[in-house]
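Beneath this line is the structure, given in C-alpha coordinates, with notes to follow.
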Amino acid sequence: MVHKKKNVDIPSSQKYLGIQHVNFYSNAFGKESLRFQLRELILPIVRKETRLLYKIQSFFRNPWLDVYFMYTATLGTHVFFMLALPIFFWSGCIYYTLDITQLFAAGVYFSGCIKDYFCLPRPRSPPMVRLTLSSDAEYEYGFPSTHTTNAMATGFYSLFLLLSMSDSMSSISYYFLLSLVLLYIASISLGRIYCGMHGFMDVSTGTILGVTLAIFQWKYADFFHNVWSSSSTSVPILSVVLALFFIWFHPQPAERCICLEDSISFISVIMGIDLGTWFASPESLSHLHDNLNSYFLLKFFVRVLFGVCMILIWKSFAKQALLAVLPPIFKSLRLSYLEPKSQSEKGIRAATGSNHSPGNIGTELGVITSHQSHPHPVRFDIETIARIIVYSGIGFLCTYFAPKVFLKWKI
(Lines of atoms letter the chains of each structure in order from A; the text may use other names.)
(Lines give C-alpha, C1' and ligand atoms only; values in the text may rest on other atoms or scores of the structure.)
Protein backbone atom coordinates (compact mmCIF):
# COMPACT_ATOMS: atom_id res chain seq x y z
CA MET A 1 0.00 0.00 0.00
CA VAL A 2 1.95 3.02 -1.26
CA HIS A 3 0.36 6.31 -0.26
CA LYS A 4 1.22 8.82 -2.97
CA LYS A 5 1.14 12.51 -2.35
CA LYS A 6 1.40 15.59 -4.46
CA ASN A 7 4.64 17.49 -4.46
CA VAL A 8 3.89 20.13 -1.81
CA ASP A 9 6.91 21.89 -0.37
CA ILE A 10 6.84 23.07 3.22
CA PRO A 11 8.10 26.54 4.09
CA SER A 12 11.67 26.64 5.33
CA SER A 13 10.52 28.72 8.29
CA GLN A 14 8.20 25.96 9.47
CA LYS A 15 9.83 24.38 12.50
CA TYR A 16 7.44 21.67 13.71
CA LEU A 17 5.46 19.08 11.78
CA GLY A 18 1.71 18.69 11.53
CA ILE A 19 0.77 22.36 11.91
CA GLN A 20 0.39 23.43 8.27
CA HIS A 21 -2.83 24.96 6.99
CA VAL A 22 -5.61 22.49 6.33
CA ASN A 23 -5.22 23.05 2.58
CA PHE A 24 -1.70 21.67 2.75
CA TYR A 25 -2.95 18.27 3.97
CA SER A 26 -6.03 18.23 1.74
CA ASN A 27 -3.73 18.76 -1.25
CA ALA A 28 -1.30 16.11 0.00
CA PHE A 29 -3.86 13.40 0.79
CA GLY A 30 -6.88 14.38 -1.26
CA LYS A 31 -9.81 16.18 0.34
CA GLU A 32 -12.17 13.23 -0.05
CA SER A 33 -9.67 10.59 1.11
CA LEU A 34 -10.23 8.56 4.26
CA ARG A 35 -6.78 9.59 5.46
CA PHE A 36 -7.64 13.30 5.37
CA GLN A 37 -11.09 12.79 6.90
CA LEU A 38 -9.68 10.79 9.82
CA ARG A 39 -7.01 13.42 10.42
CA GLU A 40 -9.63 16.17 10.54
CA LEU A 41 -11.66 14.07 12.99
CA ILE A 42 -8.78 13.50 15.43
CA LEU A 43 -7.02 16.88 15.17
CA PRO A 44 -9.56 18.86 17.28
CA ILE A 45 -9.25 16.27 20.06
CA VAL A 46 -5.48 16.64 20.05
CA ARG A 47 -5.74 20.44 20.09
CA LYS A 48 -8.23 20.54 22.98
CA GLU A 49 -5.75 18.74 25.23
CA THR A 50 -3.26 21.61 25.19
CA ARG A 51 -4.86 23.72 27.93
CA LEU A 52 -5.05 20.84 30.42
CA LEU A 53 -1.57 19.63 29.49
CA TYR A 54 -0.19 23.11 30.14
CA LYS A 55 -1.87 23.26 33.57
CA ILE A 56 -0.43 19.86 34.50
CA GLN A 57 3.07 20.78 33.34
CA SER A 58 2.98 24.15 35.10
CA PHE A 59 1.75 22.61 38.36
CA PHE A 60 4.34 19.82 38.59
CA ARG A 61 7.41 21.42 37.04
CA ASN A 62 10.57 21.76 39.10
CA PRO A 63 14.28 21.52 38.24
CA TRP A 64 14.71 18.02 39.69
CA LEU A 65 11.83 16.54 37.73
CA ASP A 66 13.01 18.34 34.60
CA VAL A 67 16.37 16.59 34.80
CA TYR A 68 14.85 13.23 35.79
CA PHE A 69 12.31 13.01 32.97
CA MET A 70 14.65 14.41 30.31
CA TYR A 71 17.33 11.84 31.10
CA THR A 72 15.01 8.88 31.65
CA ALA A 73 13.55 9.65 28.22
CA THR A 74 16.87 8.54 26.73
CA LEU A 75 16.06 5.00 27.96
CA GLY A 76 13.35 4.85 25.32
CA THR A 77 15.48 6.09 22.43
CA HIS A 78 17.05 4.31 19.50
CA VAL A 79 20.57 5.04 20.71
CA PHE A 80 20.02 3.35 24.08
CA PHE A 81 18.60 0.19 22.55
CA MET A 82 21.15 0.08 19.74
CA LEU A 83 23.91 0.11 22.35
CA ALA A 84 22.28 -2.02 25.05
CA LEU A 85 20.75 -4.85 23.02
CA PRO A 86 23.97 -6.16 21.39
CA ILE A 87 25.61 -6.16 24.82
CA PHE A 88 22.73 -8.21 26.26
CA PHE A 89 23.01 -10.62 23.32
CA TRP A 90 26.76 -11.08 23.80
CA SER A 91 26.21 -11.69 27.51
CA GLY A 92 24.25 -14.85 26.68
CA CYS A 93 20.66 -13.55 27.00
CA ILE A 94 20.02 -14.65 23.44
CA TYR A 95 16.28 -15.14 23.10
CA TYR A 96 15.32 -12.36 25.51
CA THR A 97 17.48 -9.93 23.53
CA LEU A 98 16.03 -11.08 20.21
CA ASP A 99 12.50 -10.75 21.60
CA ILE A 100 13.14 -7.23 22.90
CA THR A 101 14.87 -6.18 19.68
CA GLN A 102 11.95 -7.41 17.60
CA LEU A 103 9.51 -5.64 19.93
CA PHE A 104 11.45 -2.40 19.72
CA ALA A 105 11.62 -2.60 15.93
CA ALA A 106 7.89 -3.33 15.76
CA GLY A 107 7.18 -0.39 18.08
CA VAL A 108 9.25 1.99 15.96
CA TYR A 109 7.70 0.69 12.74
CA PHE A 110 4.01 0.59 13.64
CA SER A 111 4.01 3.83 15.62
CA GLY A 112 5.91 5.41 12.71
CA CYS A 113 3.31 4.14 10.25
CA ILE A 114 0.52 5.71 12.30
CA LYS A 115 2.45 8.95 12.71
CA ASP A 116 3.14 9.30 9.01
CA TYR A 117 -0.40 8.28 8.08
CA PHE A 118 -2.22 10.84 10.24
CA CYS A 119 0.49 13.56 10.33
CA LEU A 120 -0.84 14.96 13.62
CA PRO A 121 1.14 17.58 15.57
CA ARG A 122 2.62 17.46 19.03
CA PRO A 123 1.10 19.67 21.78
CA ARG A 124 1.42 23.37 20.96
CA SER A 125 4.64 25.04 22.07
CA PRO A 126 4.06 27.66 23.39
CA PRO A 127 2.27 27.42 25.76
CA MET A 128 3.83 23.99 26.43
CA VAL A 129 7.55 23.93 27.22
CA ARG A 130 9.26 21.06 25.41
CA LEU A 131 11.92 19.48 27.60
CA THR A 132 14.22 17.27 25.57
CA LEU A 133 17.87 16.46 25.03
CA SER A 134 17.23 15.76 21.35
CA SER A 135 16.10 17.92 18.44
CA ASP A 136 14.09 15.08 16.91
CA ALA A 137 10.81 16.65 18.07
CA GLU A 138 11.15 19.05 15.17
CA TYR A 139 11.12 16.19 12.67
CA GLU A 140 8.44 13.83 14.01
CA TYR A 141 4.69 13.93 14.33
CA GLY A 142 3.08 13.43 17.72
CA PHE A 143 0.44 10.71 17.40
CA PRO A 144 1.14 8.17 18.82
CA SER A 145 4.10 8.35 21.22
CA THR A 146 6.89 6.06 20.02
CA HIS A 147 8.64 6.36 23.40
CA THR A 148 5.50 5.11 25.14
CA THR A 149 4.97 2.34 22.60
CA ASN A 150 8.50 1.05 23.11
CA ALA A 151 8.37 1.39 26.90
CA MET A 152 5.07 -0.48 27.11
CA ALA A 153 6.10 -3.18 24.64
CA THR A 154 9.48 -3.97 26.20
CA GLY A 155 8.28 -3.28 29.75
CA PHE A 156 5.19 -5.49 29.63
CA TYR A 157 7.09 -8.29 27.89
CA SER A 158 9.65 -8.11 30.69
CA LEU A 159 6.79 -8.22 33.21
CA PHE A 160 5.35 -11.34 31.58
CA LEU A 161 8.77 -12.99 31.70
CA LEU A 162 9.33 -11.93 35.30
CA LEU A 163 5.96 -13.28 36.40
CA SER A 164 6.68 -16.61 34.71
CA MET A 165 9.95 -16.87 36.67
CA SER A 166 8.59 -15.73 40.04
CA ASP A 167 8.66 -19.22 41.59
CA SER A 168 12.35 -19.69 40.79
CA MET A 169 13.49 -16.33 42.17
CA SER A 170 14.02 -15.00 45.65
CA SER A 171 11.47 -12.48 46.90
CA ILE A 172 14.07 -9.73 47.06
CA SER A 173 15.21 -10.26 43.47
CA TYR A 174 11.66 -10.58 42.19
CA TYR A 175 10.32 -7.40 43.79
CA PHE A 176 13.48 -5.46 42.97
CA LEU A 177 13.24 -6.31 39.26
CA LEU A 178 9.47 -5.78 39.31
CA SER A 179 9.97 -2.30 40.76
CA LEU A 180 12.58 -1.45 38.12
CA VAL A 181 10.30 -2.50 35.26
CA LEU A 182 7.31 -0.58 36.65
CA LEU A 183 9.47 2.49 37.28
CA TYR A 184 10.77 2.30 33.71
CA ILE A 185 7.27 2.09 32.25
CA ALA A 186 5.92 4.94 34.40
CA SER A 187 8.93 7.22 33.90
CA ILE A 188 8.86 7.00 30.11
CA SER A 189 5.09 7.27 29.60
CA LEU A 190 4.37 9.96 32.21
CA GLY A 191 7.53 11.78 31.23
CA ARG A 192 6.22 12.34 27.70
CA ILE A 193 3.37 14.41 29.14
CA TYR A 194 5.53 16.17 31.73
CA CYS A 195 8.11 17.12 29.08
CA GLY A 196 5.44 18.56 26.81
CA MET A 197 6.29 16.13 24.03
CA HIS A 198 2.95 14.30 23.83
CA GLY A 199 -0.67 14.53 24.87
CA PHE A 200 -3.08 12.06 26.47
CA MET A 201 -4.19 10.63 23.14
CA ASP A 202 -0.60 10.13 22.00
CA VAL A 203 0.35 8.32 25.20
CA SER A 204 -2.84 6.26 25.52
CA THR A 205 -2.62 5.08 21.90
CA GLY A 206 1.08 4.30 22.36
CA THR A 207 0.16 2.32 25.48
CA ILE A 208 -2.45 0.25 23.67
CA LEU A 209 -0.11 -0.39 20.76
CA GLY A 210 2.83 -1.31 23.00
CA VAL A 211 0.84 -3.68 25.22
CA THR A 212 -0.69 -5.32 22.13
CA LEU A 213 2.77 -5.92 20.67
CA ALA A 214 4.00 -7.34 23.99
CA ILE A 215 1.06 -9.76 24.23
CA PHE A 216 1.58 -10.87 20.62
CA GLN A 217 5.32 -11.40 21.13
CA TRP A 218 4.72 -13.33 24.36
CA LYS A 219 1.99 -15.52 22.85
CA TYR A 220 4.10 -16.44 19.81
CA ALA A 221 7.53 -16.39 21.47
CA ASP A 222 8.09 -20.10 20.88
CA PHE A 223 7.28 -19.67 17.20
CA PHE A 224 9.82 -16.87 16.81
CA HIS A 225 12.43 -18.83 18.77
CA ASN A 226 11.93 -21.80 16.45
CA VAL A 227 12.35 -19.52 13.44
CA TRP A 228 15.62 -18.13 14.80
CA SER A 229 16.94 -21.65 15.39
CA SER A 230 15.58 -23.10 12.15
CA SER A 231 17.82 -24.29 9.33
CA SER A 232 15.07 -24.06 6.70
CA THR A 233 15.99 -22.07 3.59
CA SER A 234 12.58 -20.40 3.75
CA VAL A 235 13.71 -18.35 6.77
CA PRO A 236 16.20 -16.04 5.01
CA ILE A 237 13.99 -15.78 1.93
CA LEU A 238 10.89 -14.81 3.91
CA SER A 239 12.92 -12.47 6.09
CA VAL A 240 14.16 -10.48 3.08
CA VAL A 241 10.76 -10.48 1.37
CA LEU A 242 8.92 -9.34 4.51
CA ALA A 243 11.50 -6.64 5.24
CA LEU A 244 11.17 -5.20 1.75
CA PHE A 245 7.38 -5.42 1.96
CA PHE A 246 7.24 -3.53 5.27
CA ILE A 247 9.52 -0.82 3.89
CA TRP A 248 7.34 -0.47 0.79
CA PHE A 249 4.12 -0.51 2.85
CA HIS A 250 5.13 2.39 5.13
CA PRO A 251 2.91 5.45 4.46
CA GLN A 252 4.47 8.48 2.80
CA PRO A 253 4.33 11.48 5.20
CA ALA A 254 3.09 14.88 4.08
CA GLU A 255 6.23 16.58 5.37
CA ARG A 256 9.85 15.58 5.85
CA CYS A 257 9.69 13.19 8.82
CA ILE A 258 12.35 10.86 10.22
CA CYS A 259 9.89 8.07 11.03
CA LEU A 260 10.33 6.40 7.64
CA GLU A 261 14.12 6.43 7.94
CA ASP A 262 13.96 5.01 11.48
CA SER A 263 11.56 2.30 10.35
CA ILE A 264 13.83 1.33 7.46
CA SER A 265 16.80 1.13 9.83
CA PHE A 266 15.14 -1.16 12.36
CA ILE A 267 13.41 -3.36 9.80
CA SER A 268 16.85 -3.80 8.24
CA VAL A 269 18.40 -4.66 11.62
CA ILE A 270 15.78 -7.38 12.14
CA MET A 271 16.45 -8.73 8.65
CA GLY A 272 20.17 -8.84 9.45
CA ILE A 273 19.48 -10.60 12.75
CA ASP A 274 17.31 -13.22 11.03
CA LEU A 275 20.04 -13.87 8.47
CA GLY A 276 22.76 -13.89 11.13
CA THR A 277 21.04 -16.39 13.42
CA TRP A 278 20.23 -18.59 10.41
CA PHE A 279 23.85 -18.69 9.24
CA ALA A 280 25.30 -18.94 12.76
CA SER A 281 26.33 -22.34 14.06
CA PRO A 282 24.60 -23.65 17.20
CA GLU A 283 28.04 -23.91 18.83
CA SER A 284 28.83 -20.21 18.43
CA LEU A 285 25.47 -19.14 19.87
CA SER A 286 25.51 -21.60 22.78
CA HIS A 287 29.05 -20.46 23.58
CA LEU A 288 27.64 -17.05 24.50
CA HIS A 289 25.96 -18.42 27.64
CA ASP A 290 27.95 -21.63 28.22
CA ASN A 291 31.14 -19.72 28.90
CA LEU A 292 30.22 -18.68 32.44
CA ASN A 293 33.26 -19.07 34.69
CA SER A 294 35.54 -17.08 36.97
CA TYR A 295 36.93 -15.15 33.99
CA PHE A 296 33.53 -14.31 32.52
CA LEU A 297 33.60 -10.59 33.41
CA LEU A 298 36.98 -10.12 31.79
CA LYS A 299 35.92 -12.08 28.71
CA PHE A 300 32.64 -10.20 28.54
CA PHE A 301 34.52 -6.89 28.60
CA VAL A 302 36.62 -8.07 25.65
CA ARG A 303 33.43 -9.13 23.83
CA VAL A 304 31.88 -5.69 24.26
CA LEU A 305 35.09 -3.91 23.27
CA PHE A 306 35.45 -6.04 20.15
CA GLY A 307 31.75 -5.78 19.28
CA VAL A 308 31.56 -2.01 19.55
CA CYS A 309 34.73 -1.58 17.47
CA MET A 310 33.33 -4.04 14.93
CA ILE A 311 30.14 -2.00 14.52
CA LEU A 312 32.04 1.28 14.19
CA ILE A 313 34.44 -0.18 11.62
CA TRP A 314 31.57 -1.71 9.66
CA LYS A 315 29.65 1.57 9.50
CA SER A 316 32.76 3.43 8.38
CA PHE A 317 33.66 0.78 5.78
CA ALA A 318 30.10 0.45 4.51
CA LYS A 319 29.77 4.20 4.04
CA GLN A 320 32.96 4.47 2.01
CA ALA A 321 32.12 1.37 -0.03
CA LEU A 322 28.62 2.61 -0.81
CA LEU A 323 29.96 6.01 -1.80
CA ALA A 324 32.27 4.32 -4.30
CA VAL A 325 29.98 1.58 -5.60
CA LEU A 326 26.31 2.59 -5.63
CA PRO A 327 26.27 5.75 -7.80
CA PRO A 328 28.22 4.16 -10.70
CA ILE A 329 26.01 1.06 -10.54
CA PHE A 330 22.84 3.13 -10.67
CA LYS A 331 24.20 5.21 -13.55
CA SER A 332 25.32 2.15 -15.51
CA LEU A 333 21.86 0.64 -15.09
CA ARG A 334 20.32 3.98 -16.06
CA LEU A 335 18.51 4.22 -12.74
CA SER A 336 19.23 7.90 -12.22
CA TYR A 337 15.55 8.48 -11.42
CA LEU A 338 16.18 6.61 -8.16
CA GLU A 339 18.62 9.27 -7.06
CA PRO A 340 16.80 11.81 -4.85
CA LYS A 341 19.58 14.39 -5.36
CA SER A 342 21.80 15.33 -8.24
CA GLN A 343 24.73 14.61 -5.96
CA SER A 344 24.24 10.98 -4.98
CA GLU A 345 27.28 10.96 -2.73
CA LYS A 346 25.71 13.54 -0.45
CA GLY A 347 22.51 11.51 -0.31
CA ILE A 348 24.34 8.31 0.62
CA ARG A 349 26.35 10.07 3.31
CA ALA A 350 23.07 11.28 4.73
CA ALA A 351 21.39 7.88 4.63
CA THR A 352 24.27 6.16 6.38
CA GLY A 353 24.78 8.85 9.00
CA SER A 354 28.11 10.00 7.59
CA ASN A 355 27.92 13.75 7.75
CA HIS A 356 25.77 16.73 8.56
CA SER A 357 25.37 19.40 5.97
CA PRO A 358 23.02 22.33 5.39
CA GLY A 359 19.54 21.12 4.55
CA ASN A 360 20.00 17.76 6.24
CA ILE A 361 17.93 16.61 9.18
CA GLY A 362 19.92 15.06 11.99
CA THR A 363 18.57 11.94 13.67
CA GLU A 364 19.82 9.46 16.24
CA LEU A 365 20.38 6.95 13.46
CA GLY A 366 21.88 9.26 10.91
CA VAL A 367 20.76 12.12 8.71
CA ILE A 368 18.12 12.44 6.04
CA THR A 369 18.06 14.78 3.09
CA SER A 370 15.43 15.53 0.48
CA HIS A 371 14.49 11.86 0.13
CA GLN A 372 10.93 12.71 1.18
CA SER A 373 10.48 15.74 -1.08
CA HIS A 374 11.38 14.07 -4.36
CA PRO A 375 8.79 15.11 -7.00
CA HIS A 376 7.89 11.45 -7.57
CA PRO A 377 8.69 9.60 -4.32
CA VAL A 378 10.47 6.30 -4.94
CA ARG A 379 10.70 4.07 -1.90
CA PHE A 380 13.81 2.08 -2.93
CA ASP A 381 16.13 4.88 -3.99
CA ILE A 382 19.87 5.08 -3.31
CA GLU A 383 19.40 6.45 0.21
CA THR A 384 17.05 3.63 1.16
CA ILE A 385 19.28 0.92 -0.30
CA ALA A 386 22.29 2.37 1.51
CA ARG A 387 20.42 2.40 4.80
CA ILE A 388 19.22 -1.19 4.33
CA ILE A 389 22.76 -2.43 3.67
CA VAL A 390 24.32 -0.59 6.61
CA TYR A 391 21.78 -1.58 9.25
CA SER A 392 21.14 -5.14 8.10
CA GLY A 393 24.92 -5.50 8.23
CA ILE A 394 24.92 -4.42 11.87
CA GLY A 395 22.32 -7.06 12.77
CA PHE A 396 24.17 -9.74 10.81
CA LEU A 397 27.58 -8.96 12.34
CA CYS A 398 26.21 -8.91 15.89
CA THR A 399 24.51 -12.30 15.60
CA TYR A 400 26.79 -14.17 13.20
CA PHE A 401 30.29 -12.75 12.95
CA ALA A 402 30.82 -11.67 16.57
CA PRO A 403 29.72 -15.00 18.16
CA LYS A 404 31.90 -16.84 15.64
CA VAL A 405 34.91 -14.77 16.71
CA PHE A 406 34.11 -15.22 20.41
CA LEU A 407 34.03 -19.00 19.95
CA LYS A 408 37.31 -19.05 18.04
CA TRP A 409 39.04 -16.82 20.59
CA LYS A 410 37.42 -18.74 23.48
CA ILE A 411 36.13 -15.58 25.12
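Backbone N, Cα and C atoms are what each Cβ position is placed from, and that goes for glycine too.
Taking the Cβ of His147 (active site, proton donor) as reference, residues of its chain lying under 8 Å away and at least six apart in sequence are, in sequence order, Ala73, Gly76, Thr77, Ile188, Ser189, Gly191, Arg192, Met197, His198, Gly206. The active site, proton donor annotation in Swiss-Prot covers His147.
His198 (active site, nucleophile) carries neither a helix nor a strand DSSP state and counts as coil. Among the features that Swiss-Prot reports, active site, nucleophile is placed at His198.
The topological domain 'Lumenal' annotation in Swiss-Prot covers 1-74 (among others).
Each residue in the topological domain 'Cytoplasmic' (96-99) gets a DSSP state, and the totals come to 4 helix, 0 strand, 0 coil. The topological domain 'Cytoplasmic' annotation in Swiss-Prot covers 96-99 (among others) and rests on similarity to another entry.
Across the topological domain 'Lumenal' (121-170), the prediction's mean pLDDT works out to 89. Per Swiss-Prot, the feature topological domain 'Lumenal' maps to 121-170 (among others).
Residues or ranges marked as topological domain 'Cytoplasmic' in Swiss-Prot: 192-195 (among others).
Summarising the annotation, Swiss-Prot assigns topological domain 'Lumenal' to 217-233 (among others) and lists similarity to another entry as the type of evidence. Residue counts of the topological domain 'Lumenal' (217-233) by helix, strand and coil are 11 helix, 0 strand, 6 coil (DSSP-based).
Across the topological domain 'Cytoplasmic' (255-259), the DSSP tally of helix, strand and coil residues reads 1 helix, 0 strand, 4 coil. Annotated topological domain 'Cytoplasmic' per Swiss-Prot: 255-259 (among others), in sequence order, evidence recorded as similarity to another entry.
What Swiss-Prot lists as topological domain 'Lumenal' is 281-293 (among others), and the listing cites similarity to another entry.
Under the heading topological domain 'Cytoplasmic', Swiss-Prot lists 315-387 (among others).
Among the features that Swiss-Prot reports, transmembrane segment is placed at 75-95 (among others).
Look at Swiss-Prot and you will find 100-120 (among others) tagged as transmembrane segment.
What Swiss-Prot lists as transmembrane segment is 171-191 (among others). With a threshold of 8 Å between CB atoms, the same-chain residues lying at least 6 positions outside the transmembrane segment (171-191) that come near it are 68-70, 72-73, 75-76, 145, 147-148, 150-152, 155-156, 158-159, 162, 203, 206-207.
As annotated by Swiss-Prot, transmembrane segment applies to 196-216 (among others), with the evidence given as sequence analysis.
Annotation source Swiss-Prot lists transmembrane segment at 234-254 (among others), citing sequence analysis.
According to Swiss-Prot, the transmembrane segment annotation covers 260-280 (among others).
Residue counts for the topological domain 'Lumenal' (121-170) by DSSP state, with H, G and I taken as helix and E and B as strand, are 26 helix, 0 strand, 24 coil. Among the recorded stretches 75-95, 234-254, 388-408, the one sharing the largest number of Cβ pairs closer than 8 Å with the transmembrane segment (260-280) is 388-408. The stretches the transmembrane segment (388-408) and the transmembrane segment (75-95) meet in space: the count of Cβ pairs below 8 angstroms, excluding pairs fewer than 6 apart in sequence, reaches at least three.
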